[in-house]
Amino acid sequence: MSVLGACITPFKADLSIDFAALESVVRSQEHAGNGIILFGSTGEGLSLTYEEKLSILSFVSTLNLNVPIFVGVTATSVQETMSWIDFAQQWPIDGFLVPTPLYTRPGLNGQKAWFDRILSVSRKPIILYNNPIRTGVSLYPEVVKSFVSHPLCIGVKDSGGSAQACELFAESGLRVFCGDDNLWPDMRLSGASGVISVLANVWPELARDYVAQGRPIEAWKKVCSWLNLSTNPLGIKALMAAQKMIECDAVRPPLSIRDLQRRDELADILACRATLQTELLSVCRQ
């Protein structure tokens with residue numbers, strides 16, 4: 001599978017979880033044949049309580065989805081992380097997306113110990129996650145290489161923003177997922193073989209087709225550049241609300257939708273869909 005949608009968690013105006021919209025979000029990924037990531041930064045995992053995560057897992061498990069479901073794990077305590085994984089893997093999920101711990105900025109040996117402890121408790125596959133902007137530290141390529149032989153370590157998501165870093169991860173032999181929609185063409189050339197996509201939330205089929213053809217497309221770049229002006233998931237929720245895919249573009253504190261940049265360009269960004277479809281068709285015919 002080349003695309004996993006980094007799914008939003010839709011909220012109602014009162015900031016409670018909108019389960020009807022959530023079903024629509026994950027069903028759209030299933031229809032496109034994309035995998036699903038829950039509770040990542042796009043899904044505002046840090047703003048969800050333990051009980052809310054359980055309610056989402058319970059709800060999604062009743063949908064009998066026919067695509068892989070991975071659960072994002074974000075914490076600073078290794079014991080808390082291990083306990084959460086031990087509990088969450090009782091549900092019918094397919095694995096976990098695990099970054100370096102937040103805030104503490106561990107070095108090479110600390111990162112090895114962190115992932116070693118987590119892998120020791122997991123019975124599901126794990127994708128390691130490099131996201132230095134969010135966590136405060138880069139995932140060391142040496143750490144990735146040290147877990148290559150572990151049967152449950154199946155890949156790396158790289159949101160480091162550099163094709164060079166992607167190449168180092170790819171040298172390990174593990175599968176690398178690009179964590180930035182806009183960088184996919186460059187990271188594909190550097191060894192990435194899939195994308196964990198934010199844009200798949202709003203245009204799941206187009207994301208699938210864009211990743212499959214693997215070449216730069218100007219309309220895609222334009223949308224990604226607009227999204228990157230604001231903290232994720234402000235932009236993607238605004239796009240989805242404008243297309244009536246979700247009830248509203250609400251995000252939970254400390255995020256605020258009032259921080260969305262260039263809202264006046266929203267209609268122009270939505271119009272990129274038709275251009276993107278045309279460009280993808282043109283590329284496929286070449």
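Cβ coordinates are placed from backbone N, Cα and C, and glycine is handled just like the others.
The site 'Part of a proton relay during catalysis' feature in Swiss-Prot is assigned to Ser41, Tyr103. Annotation comment: Swiss-Prot describes Thr42, Ile196 as pyruvate binding site, evidence class sequence analysis. As annotated by Swiss-Prot, active site, proton donor/acceptor applies to Tyr129. Sequence annotations record features per position, and here Swiss-Prot assigns active site, schiff-base intermediate with substrate to Lys157.
A coil conformation is recorded for Ser41 (site 'Part of a proton relay during catalysis') in the three-state DSSP classification, outside any helix or strand. Each residue contributes its Cα atom, and for Tyr103 (site 'Part of a proton relay during catalysis') and Tyr129 (active site, proton donor/acceptor) those atoms are 15 Å apart.
Sorting the recorded positions Tyr103, Tyr129 by the number of other Cβ atoms within 10 Å puts Tyr129 first. Ser41 (site 'Part of a proton relay during catalysis') sits 12 Å from Tyr129 (active site, proton donor/acceptor), taking the Cα positions as reference. Here the C-alpha separation of Thr42 (pyruvate binding site) and Lys157 (active site, schiff-base intermediate with substrate) works out to 14 Å. Counting only same-chain residues six or more apart in sequence, the Cβ atoms lying under 8 angstroms from the Cβ of Ile196 (pyruvate binding site) belong to Val3, Leu4, Gly5, Ala6, Ile37, Gly40, Leu97, Lys157, Phe177, Cys178, Gly179. DSSP gives Lys157 (active site, schiff-base intermediate with substrate) a strand state.
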